[in-house]
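Trainee: Summarising the annotation, Swiss-Prot assigns (6S)-NADPHX binding site to G163, N220, V221, V222, E223, F224, D225, R226, D290. According to Swiss-Prot, the ATP binding site annotation covers 261-265, 280-289, on the basis of sequence analysis. What Swiss-Prot lists as domain 'YjeF C-terminal' is 63-354, and the listing cites sequence analysis.
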Amino acid sequence: MGAWRNTRFIRSLSSVKRYRARFSYYSLFGGEPRACMAEKRSRSPLPAQRQIHVHNRQQEAQLLQSAKNVIPSLEETFHKGVAGRIGVIGGCQEYTGAPYFAAISALKTGADLSHVFCTSDSASVIKSYSPELIVHPLLDRTFAVNEISEWLSRLHCLVVGPGLGRNPTNLENAKRTIEKARKNKKHLVIDADGIAVVTTYPEIIKNYDSKKSKVILTPNVVEFDRLYTSVMGKAADPHGDSYEQARSLSQELGNVTICRKGQHDIITDGQTVVECSITGSNRRCGGQGDLLSGSMAVFLHWANIEVTQNPALVAAYAASGLTRWCNRLAYSRLKRSMTTSDMIQQIHQAFEELFGKE
C-alpha cells in the first residue's frame with residue numbers, strides 16, 4: 001500500500017450589506033476592534049491580486065454577513081435532500097465517535113441527510129449512536145470504492161477523514177474515493193486522517209477547485225506542519241508568518257482552501273487570507289474538529305449555490321464561527337467538564353445567535 005506517513009476573504013463584497021449584529025464587537029470577537037490590515041503582493045503565477053491579511057473586526061463581520069446570506073430559507077416546496085446530502089468517509093474499530101460527530105453536526109446545522117461510510121466492525125456501534133444517520137459498512141471491503149461511488153451522484157459534499165484511522169486499506173480506499181469525487185466534481189472537506197492521505201499524496205487534491213467543485217483542508221497545527229513539509233519540501237518556520245505560510249501552501253496546491261485550526265483559525269485560498277477570531281473557550285476536548293468539518297460541508301454546499309466568488313472561504317468562516325460559538329455556550333454552562341457532545345447540543349442556539357436564523 002505504500003508507506004503512510006504521519007505525515008479571495010472576499011476581495012470584493014460590494015453586493016453584501018454591512019453586518020448589523022445584535023452583538024457588540026466585544027461579545028462576538030472577545031476584544032476591542034483591531035484596525036490593522038496588511039496587504040501583500042502576490043507571488044503566484046496567477047494575475048496579480050491584492051493579498052489581504054484580515055485582522056479587522058469590521059471585515060470579519062462583513063464576512064459573517066455573507067455567510068448568513070447563503071443560508072437557505074425553509075420553503076414549503078422543498079423536498080428531502082434539497083438542504084444538503086452529506087457523506088462522511090471514516091469510522092473504524094478504534095474511532096467510532098468522530099464520524100458520528102461529523103455526521104450529526106451536519107444534520108443539526110441543517111443538512112437533510114447524512115451518510116457514514118465506515119468499516120464493517122464499526123457500523124453497528126455508529127448506528128447505535130443515532131437512528132438519524134445512514135450507515136454503510138463498506139470502507140474495509142475490497143471493492144469499497146466502487147460501492148461508495150454508486151452513492152456519489154446523490155451527495156452534495158463528502159467529509160473525508162473523521163475516524164478513518166491509519167489502517168492501510170482504509171487509507172487507500174479514502175485516497176481512491178477522493179480521486180473518484182474529483183472526477184465526479186464533488187465538494188470535499190478533508191480533516192484528520194484524511195489530511196494524512198493528502199500529506200502522502202498531495203497530487204490528488206492539487207488544482208482541485210473548479211466552478212462546480214471545491215475542496216477545504218482543515219489541518220490542526222501539527223497536521224499543517226506535516227503537510228507543509230511534504231508539499232513545500234521544507235519545514236515551516238515555527239517563528240515565521242503563519243498567514244503567509246498558509247497562503248503559500250494553498251498556492252502550491254493550486255489555491256485550494258485551507259482552514260488552519262488554532263487559537264484563531266486562519267483561512268486562505270492562496271489569494272486572500274482571513275482569520276476567524278470569534279472567541280470560544282480554552283477547553284480543548286477531542287471531537288471539536290469533527291463538529292467543524294461536518295458543519296463546514298453543509299455550508300460549502302449552500303455557499304456554492306449562493307456565492308459566485310470565494311464560496312469555500314465563506315463556508316470555512318461560517319463553520320469556524322459556529323464551532324467556536326458552540327464551544328463558548330457549552331463552556332459557559334459546564335466549564336472544564338464540557339465535551340463535544342455538549343457542544344453539539346448547542347448548535348441550534350449558536351446558529352440562531354450567530355446567523356439570526358432558525
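Placement of Cβ uses the backbone N, Cα and C atoms for every residue, glycine included.
Explain the structural surroundings of these features, please.
Mentor: The 10 Å shell around the Cβ of G163 ((6S)-NADPHX binding site) contains 30 further Cβ atoms across the protein chains shown.
A simple way to gauge crowding: the CB of G289 (ATP binding site) has 23 other CB atoms within 10 angstroms, across all the protein chains here.
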Trainee: Among the binding-site residues K261, R283, which residue has the largest number of other Cβ atoms within 10 Å of its own Cβ?
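Mentor: Per the Cβ count, the most surrounded site is K261.
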Trainee: Can you check which residue among the binding-site residues Q263, S281 has the largest number of Cβ atoms within 10 Å of its own?
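Mentor: For the binding-site residues Q263, S281, the Cβ with the most other Cβ atoms within 10 Å is S281.
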Trainee: Just to be sure I understand the packing, how many Cβ atoms besides its own are within 10 Å of the Cβ of V221 ((6S)-NADPHX binding site)?
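Mentor: Excluding its own Cβ, the number within 10 Å is 13.
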Trainee: Which one is it: of the binding-site residues E223, D225, D265, which Cβ has the fewest other Cβ atoms within 10 Å in this structure?
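Mentor: Per-residue Cβ counts within 10 Å for the binding-site residues E223, D225, D265 bottom out at D225.
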Trainee: Between C-alpha atoms, which of these binding-site residues comes nearest to K261 (ATP binding site): G163, V221, E223, D225, D290?
Mentor: V221
Trainee: Could you find out if DSSP has E223 ((6S)-NADPHX binding site) as helix, strand or coil?
Mentor: helix
Trainee: If you draw a 10 Å sphere around the Cβ of C285 (ATP binding site), how many other Cβ atoms fall inside it, taking every protein chain shown into account?
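Mentor: Counting Cβ neighbours of C285 (ATP binding site) within 10 Å gives 17.
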